[in-house]
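*Asks:* Dropping a structure here in structure tokens format, bear with me for questions.
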Amino acid sequence: MQYVEDVSWISAFGAHYALGVDGLGLALVLLTTVLTPIVILAAWDDGDRESGGRWGTGTYFGFLLGLEALSLGVFAATDVFLFYVLFEATLIPTYFLVGGWGGPERARAAAKLLIYNLLGGLVMLVAVIGLYVESAKAGTPSYLLSDLSQLDLSTGVERWLFVGFFVAFAIKAPMFPVHTWLPDATQQGTPGVSVMLVSILDKIGTFGMLRYCLGIFPEASQWATPVVIALALISILYGALVAIGQDDMMRLIGLTSVSHFGFIVIGIFVFNSQGQSGSTLYMVNHGLSTAALFLVAGFLVKRRGSQRISDYGGVEKVAPVLAGFLLLSGLSVLSLPGMATFVSELLVLVGAWVEQPVIAIVAVPGIVLAAVYVLRMYQRTMTGPVAPGVEVVTDLRPREITAAVPLIVLLVVLGFYPKPLLDVVDPYVKDTLSQVGRSDPGPSVGSATDSDAARAGTVVGVLLEAALPRGRRYLWQVLVAAVGLIAALVQVVLVVRRLDLLGGGDADRGRLIAESALALDGPTVVVWALVLVFALLGVLLFAERHLEGGVLSFAGQAAALPGTEAEREASAKGLEHTEVFPLLMFAVAGMLIFPAANDLVTLFVGLEVLSLPLYLLCGLARRRRLLSQEAAMKYFLLGAFSSGFFVYGLALVYGYAGSMRFTEIAAAVSGRTGGTGLLLGGIGLMSVGLLFKVGAAPFHSWTPDVYQGAPTAVTGFMAAATKVAAFGALLRLFYVAFGGARWDWVPVFAGIAVLTMVIGSVVAVTQSDVKRLLAYSSVAHAGFLLVGVIGIRSVGALQNGEIGAVQAVLFYLVTYGFTTMAAFAIVTLVRDSGGEVSALERWAGLGQKSPLVAGVFAFLLLALAGIPLTSGFTGKWAVFTAAVSAGWWPVVVVAVLLSAVAAYFYVRVIRLMFFTAPLPDGPSVAVPSVLTTAVIAVGTLATLLLGLVPGYVLDRIGDLSLFVR
């Protein structure tokens, strides 16, 4: 590290203003300082108000220079806190540059860019905090990279912290599947802004992977390599294939970068000098080649006034110099030998072949596809007869030539003589490989093994799914999601069958895994099984196509503003977002981590991982999109606030106990002699985050708006699976970690339970929308579940055969989940010409139009009310019994009274359906496919059986209701 500067910045945080450069940083600093003046020269008049800008030229260049300064700080920072601050600060000028100047939908593109990158930053923030906490535990609290790289992290902690950093860098780069913000930004931004975005800002992502992921988390980086390589390969082929089909020139160039970043990531994670030197060289060369292509394409667009490739033809006849520069920059993008990009791509492929030949074999088609999209674009725009409107295109002016020439010269020089740049980066690469404990392996001469064949088959299968045309993605996405969930369920069943072998006996069945970050015990597998079952039902609801005329109930083009021509065009073409299935699976992954977490950092990671995809899913409704987007934004903002409270509480608890692990926190709580302010403050703040997620008062205000605005399939999935995961996490945290302080928190929870039941039951009476009514019903049920939570008692206090609190709450979650998913599935069936009908008055007389559907819905409502012979009755009986046994009979009395209030609004809906005349223009009941029918049938059957014969399920949950400690 050279040119080091280190000054204490915020001593209370342990943060330093620490800067320095090594080979990697110097290469990217040089790239930034070379490109910025070229962009300013090329975009000299892009900031004029006459060009459509929101502000003037001075502001435009001010933001450009601000972005350059912040990017230089990122590449030179050697303090993780400083790096994070600058990493996030780059979003400020970027947001205004994309949103202030460019295309008509630039505000949407800027918002999407900001949201994606902020979400990644939030995940990394958790990891940064966790890294500092781990350094404090080691006795050297510091954010300095030199100190953090020497930490001896446990395997589990290192891996989770790696994930936090990697997610943020993968979004910034970007990589599949978190890449969708980039093509929108390049399509709407000015060419100069696109250059700064793709050639400089996005390099922060791959820079971070090398500097921080490999530098601080060497073991975790190698552990994650198979997944990272698979995502990189998908990015290569997916970006190239999608680029081929684009008609927007700037969007096409943006998508090519997704493909190229895949090559860079492969070079980083093959862990040899060829790959990592090639990836560092690739960052520089890609920055130069993409900058040239963006700028020359921008010159063309400004002359013709259109970004559509189909509007061009024959440009070489009227502007030969411009056509020549476009050809040269295009050839550099497709890595033609003699261009700098060829050297870097060759090094990456050699490194991949040395590590694992199949990686190189799968990646090579990306080069072929690059030739297709570049040459196809050139042929359609430059050759052939002069298209109408192209005759006005003039050739490049001296200023524009002056801006483009240095880029082409650098690409050619580095293509024939890359040694100076390689000499700069090679020492850094050797140090990095030494730090991760890898040396350059010799070429493999052995024969292929079964493991190699299995890995190759897995990669090819994923790539085939990603490469399928739009019309065939639906089937593969549904199959992949369903098969994955079923396979996970089978694993859970196998774990349950041998769970008693994992621990020391019936009283402690299970063990701590992943360096004690996760607990594998009875409550964990019960919650896992429920989440997976409800997720499988959610996949069936997501996959329903019959109700929307052959397409999914999700927006055809989420990026299109509601009411615009783009939205109408997407609807007319029958477009649909099959990305909802990976998003659901991503949320499920978080839901599986959340209830199994055995330390505070893992708990928070699980919370965020399950939340982020849900924020996106809530805003993807095909109809009433403004309401859906408003719901998503409210959910995101309030969720971010609640997460902030949770993190603050986490810090206080750590300050009290000196540990993140539940067992050590429990020991500190049981042996406390003072300082309870930190403990109680931490418990209170962490409760805010968890009670928000379960929808308990007074943190419930998001629930009715989100339930109403989100696609109903998403609402049903959230109502069941999220509540299961959240209560599973709440039980573990408060019973295992804070069990010794139960006399402090149980009375507070009792008051919250009463408040939640009152608000949920009373406010539901006034609702005129079915989905909002079910939302407040969900709030009330959160209160009933909290009644079970306060029934905590020690294991020794339970009599033989007596229902415990954990058993009661888990059983209630079973009953509630099946019933509520079936109820929301029925809501999707009541429709008119405008889609779903949720206005309650329009359900009048539904029992006369469709007595079967109305009858099933009535049965489900009675179950939610807790009527005997339904699962709702047995569920409430269980939690009430547990609470009474613990001495909380006054709360149970209030709960019983409020159950009667709740029964009123359920019966009101039944009366409306069966005893009110139907409206002349009232809705009808649509006939769903077998998918939605299956959800309704399974939910209704479970509601009936758990009401009539609940004993077996209750007993099995009772056998699995002990937490491992």
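Note that Cβ sites are derived from N, Cα and C of the backbone, with glycine treated the same way.
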*Asks:* With TrEMBL as the source, identify the stretch among 55-75, 601-621 annotated transmembrane segment.
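*Replies:* Checked against TrEMBL: transmembrane segment maps to 55-75.
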*Asks:* Would you say the transmembrane segment (113-133) and the transmembrane segment (773-792) are touching, if the rule is that at least three C-beta pairs must lie under 8 angstroms and be 6 or more residues apart?
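*Replies:* Counting Cβ pairs under 8 Å (6 or more apart in sequence), the transmembrane segment (773-792) does not reach the transmembrane segment (113-133), since there are fewer than 3.
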*Asks:* Do any residues of this chain, six or more beyond the ends of the transmembrane segment (851-874), have a C-beta under 8 angstroms from a C-beta of it, and if so which?
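*Replies:* Non-local partners: 777, 781, 811, 814-816, 818-820, 822-823, 826, 829-830, 899, 902-903, 906-907, 909-910, 913-914, 925, 936, 939-940, 942-948, 950, 954.
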*Asks:* Please indicate, using numbers and ranges, the residues of the same chain that are 6 or more beyond the transmembrane segment (745-766) and have a C-beta under 8 Å from a C-beta there.
*Replies:* 683-684, 687, 691, 696-698, 700, 734, 738, 773, 776-784, 786-787, 789-790, 792, 888, 891, 894-895, 898-899, 901-902, 904-905, 908
*Asks:* What parts of the chain pack near the transmembrane segment (321-344), using Cβ distances under 8 Å and only residues at least 6 beyond its ends?
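*Replies:* Those are 253, 256, 260, 278-279, 281-282, 284-286, 288-290, 292-293, 296-297, 299-300, 315, 367, 370-371, 374-375, 377-378, 381-382, 393, 395-396, 401, 404, 407-408, 410-416, 418, in sequence order.
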*Asks:* Please check if the transmembrane segment (928-953) comes into contact with the transmembrane segment (804-830), where contact means 3 or more CB pairs closer than 8 Å and the residues in each pair are separated by 6 or more positions.
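*Replies:* Contact criterion met.
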